[in-house]
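Trainee: According to TrEMBL, the protein has these features:
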type: COMPBIAS; residues: 578-594; note: compositional bias 'Low complexity'
type: COMPBIAS; residues: 676-689; note: compositional bias 'Basic and acidic residues'
type: COMPBIAS; residues: 690-706; note: compositional bias 'Acidic residues'
type: REGION; residues: 576-595; note: region 'Disordered'
type: REGION; residues: 676-723; note: region 'Disordered'
type: REPEAT; residues: 140-178; note: repeat 'HEAT'
type: REPEAT; residues: 219-257; note: repeat 'HEAT'
type: REPEAT; residues: 258-296; note: repeat 'HEAT'
type: REPEAT; residues: 296-330; note: repeat 'HEAT'
type: REPEAT; residues: 501-538; note: repeat 'HEAT'
């Protein structure tokens, strides 16, 4: 932790009048650690505004910061140093036009744009940009190498992550000479087990990056050697990283060298090594050929029967996924494994935390197990009681997990089984607490799809009830339903849509929350695809009202809907519109996706023209609110050129908007290259796995095992380390 004593406000103030580079050079050597940290975090951003000739001045400061007394400064420096090289490399590649970016670069370049390019998987060959080769290979890589030997595990972890970003841009000869040599030197640190663990972790992370040839020649023998290391924590690290290396090494080396090493680790004297094997066995199984996976069954069975309760617990948590990995095996799944899985739904170990974790693991992998055993006779009948016990669990987390996968089960099981065994659970979860109800609603379209058409109709009222009885503040529930609407529209006839879904969509495209409106926009095209005159007329009427609304937000919504309608992705990304052939008996091949897309866009353009909505969009080019004009420009740019040329007014509006300085500035900075990335709402549904009760007892037993080990290894208590 960074602590400063006796600091005044004046001491912490920063001179904002300085240019970025002089400010970095001044404050990165400050006596105040907080100022050094702030400017180290800005290092890669500053690189974008620095010419290549000035980078040496920056790197001289970086070399001094490498030994900063505060580990937090070193940790962020390790994260930034590789970005310095990559940002400079991308900048040079764009200037030299060695590749074509998916989107034209903004002026000036922004960090968000560069990071988006790197995340898209672009590859830049250092040989075509020779001046930057020494920057990456002779400056950044050696610096990261020294930080990989840092005394702080946080710094080592940060340096490891940074190093993994480089292989896509480095040729194989340089990978072996500069990157792999560095990693192997860590794994050969005979007097420092921490460095051997770091090296082992990097061998797993970098196996794919270095390629099969280098992996077979250097990585495989090294990890096999580390799997026999005298220090159990190094062997544990080898157990956790073997799967990644098996994936790259190929079948011959996996069967002949890596799998025997893994088998030896499952029988290790230290329970924590065996526990690591239990935690990684699913990954190992998934990378093995299907016919070889059956060889892991006896190993897994031995882990389930292990003398250590921590190993048994870890194996049980992986049991469902392991069964799923055997689905493609040439032999039936052993009934002993299925029976053990069924027992997990009602397990009682007298430890509530342990029981909860096992119940949750059972619920999480339940659909995969059903899929694995569905081809065998009586597979569902064996699992039905387990399913019912999980559905009645008092732990809402177990019910919530099942609610999110209920539509998956409906897609696996026969329709009659869904009707008899799942439908009552579907209704039960819809009446459950909100956390459970959300899971059902996220998959409601896929669940209803397997039901008979007449049975689906009875559940339309569920959607309207959510809005009638729900709180106006609960916008997330409305957002979930809005995302489902395009898929739901495909399931119902026009008459049902007019009475239930159409009023719902009309309300949602004017919702007070932006995320809800955006999700609802995609449903408008699905409504129009029904080719129902009453629906089309009502949509045109509502859009016309939005176009002339006094609230700028409604005018933006109108333009957003128009943009979605003529966009190439269509109104429903999961279910693109299929344009039927002119005659059902035609022997001609079905229209290509490109032809379908073109036909759909032309159809939506005709709707905008015939409904007099295109002239309404043209009028908004002079809107007093710049946000409306920006959205107007986005709409006209989305129009295909052949359709745009049909309207002189639309073409003139586009030219006028492109001369609007305020519009163009906003478009470049806010819409095309936003500074902050949108957070994925789906991440909120994922929880970290617990296990508090087990972990506490494990720590106690760890201490006992450490005492036994010290007689032979003379180990010191291990610091916190990510392996």
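All residue numbers here begin at 1 and follow the chain in the order shown.
The backbone N, Cα and C atoms fix where each Cβ goes, glycine too.
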Trainee: Mean pLDDT, the repeat 'HEAT' (258-296)?
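Mentor: A mean pLDDT of 95 is what the model gives the repeat 'HEAT' (258-296).
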Trainee: Six or more residues out from either end of the repeat 'HEAT' (258-296), which same-chain residues have a Cβ under 8 Å from its Cβ atoms?
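Mentor: Distant Cβ neighbours of the repeat 'HEAT' (258-296) are 220, 223-224, 227-228, 232-233, 235-240, 242-247, 249, 251, 302-303, 306-308, 310-311, 314-315, 318, 321-322, 325-326, 328-331, 701-702, 705, 709.
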Trainee: What residues in the same chain, six or more past the boundaries of the repeat 'HEAT' (219-257), come closer than 8 Å to it by Cβ-Cβ distance?
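Mentor: Here the qualifying positions are 180, 184, 187, 193, 196-197, 199-201, 203-208, 210-212, 264-265, 268, 270, 272-273, 276-277, 279-280, 283-284, 286-289, 292, 709, 712-713, 715, 718, 721, 723.
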Trainee: Treating G and I as helix alongside H, and B as strand alongside E, what does DSSP give for the repeat 'HEAT' (296-330) in helix, strand and coil?
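Mentor: Secondary-structure breakdown of the repeat 'HEAT' (296-330): 26 helix, 0 strand, 9 coil.
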Trainee: Over the span of the repeat 'HEAT' (140-178), count residues by DSSP class, listing helix, strand and coil in order.
Mentor: 29 helix, 0 strand, 10 coil
Trainee: Write out how many residues of the repeat 'HEAT' (219-257) are helix, how many strand and how many coil, based on DSSP.
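Mentor: In the repeat 'HEAT' (219-257), the DSSP-based counts are 33 helix, 0 strand, 6 coil.
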